[in-house]
Amino acid sequence: MATPAQLGLMDAASPVMEEMIYFHDHVMLVLILITCLIFYSMLVLISSKYIYRFLTDGHVIETVWTVIPAIILVVVALPSLKLLYLTDELDNPQLTIKSVGHQWYWSYEYTDYYDIEFDSYMLPLGDLSKGDARLLEVDNRVVLPVDTSVRVLVTAADVIHSWTVPSLGLKMDAVPGRLNQLALQCSRVGTFYGQCSEICGANHSFMPIVIEAVPVEVFEGWCDMMLDEESLGSLNMKR
């Protein structure tokens, strides 16, 4: 959800997002120090009464302003590389779900331990309850166990979409005919919202993503409920 004045990042709900916030703060500190140094140098040069018009080169200062920026780039690049590899790290996931983008909704499949499939459509304004988020609520949420390593397979059935949940630090393109994967781990219980982040047609703005992180025992109960509903639906179709 939006932060005060919409200036800060969302509260982290996953280890990856926490690392992204740390990296953001690290880079911002470096940028602020560089900016202050440049403004200070400009102020000193402008206000100085001493001008030497015949200075053509200075080997020492040229060496300094070559070496120092190189060191700064290394200081910025090393945490960036660490974070880049961390986002791609996927070690023995305990649960795998598949997310398929359609015009203009998402469908999900839980195929590891359960045979659960459902579509997730945005709730129209007339169906919202008090306190629901406008243009972000869906009829079927993605329910995941907290503190569990989850692999998400992302693809699309028609055009390119993008499966994005900012609070979890997730963004992956959904490309027709291709399976992309990302690692997900919710570090706290809560409801986290996202949207399709790739323009995909007229109703691109109406493809929300809602992830509900719950304790493991609650997740198991939800799976049993979904299986019962699917079994009941199959019986009704046979009749």
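The backbone N, Cα and C atoms fix where each Cβ goes, glycine too.
Taken from Swiss-Prot as is:
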BINDING   HIS161, CYS196, CYS200, MET207  Cu cation A1 binding site
BINDING   CYS196, GLU198, CYS200, HIS204  Cu cation A2 binding site
BINDING   GLU198  Mg(2+) binding site
TOPO_DOM  1-26  topological domain 'Mitochondrial intermembrane'
TOPO_DOM  49-62  topological domain 'Mitochondrial matrix'
TOPO_DOM  83-239  topological domain 'Mitochondrial intermembrane'
TRANSMEM  27-48  transmembrane segment
TRANSMEM  63-82  transmembrane segment
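Put plainly, the binding-site residues HIS161, HIS204 were compared by Cβ crowding within 10 Å, and the winner is HIS161. Note: the topological domain 'Mitochondrial intermembrane' (1-26) comprises 15 helix, 0 strand, 11 coil (DSSP; helix = H, G, I, strand = E, B). Remote same-chain residues near the transmembrane segment (27-48) are listed as 72, 75-76 (criterion: CB distance under 8 Å, separation of at least six residues from the stretch ends). Here the binding-site residues are CYS196, CYS200, MET207; the one with the fewest Cβ atoms within 10 Å of its Cβ is CYS200. Within the chain, the topological domain 'Mitochondrial intermembrane' (1-26) has long-range Cβ neighbours (under 8 A, six or more residues past its boundaries) at 76, 79-80, 82-83, 86-87, 133, 166-170, 183-188, 190, 192-193, 213.
According to its DSSP assignment, CYS196 (Cu cation A1 binding site) is in a strand.
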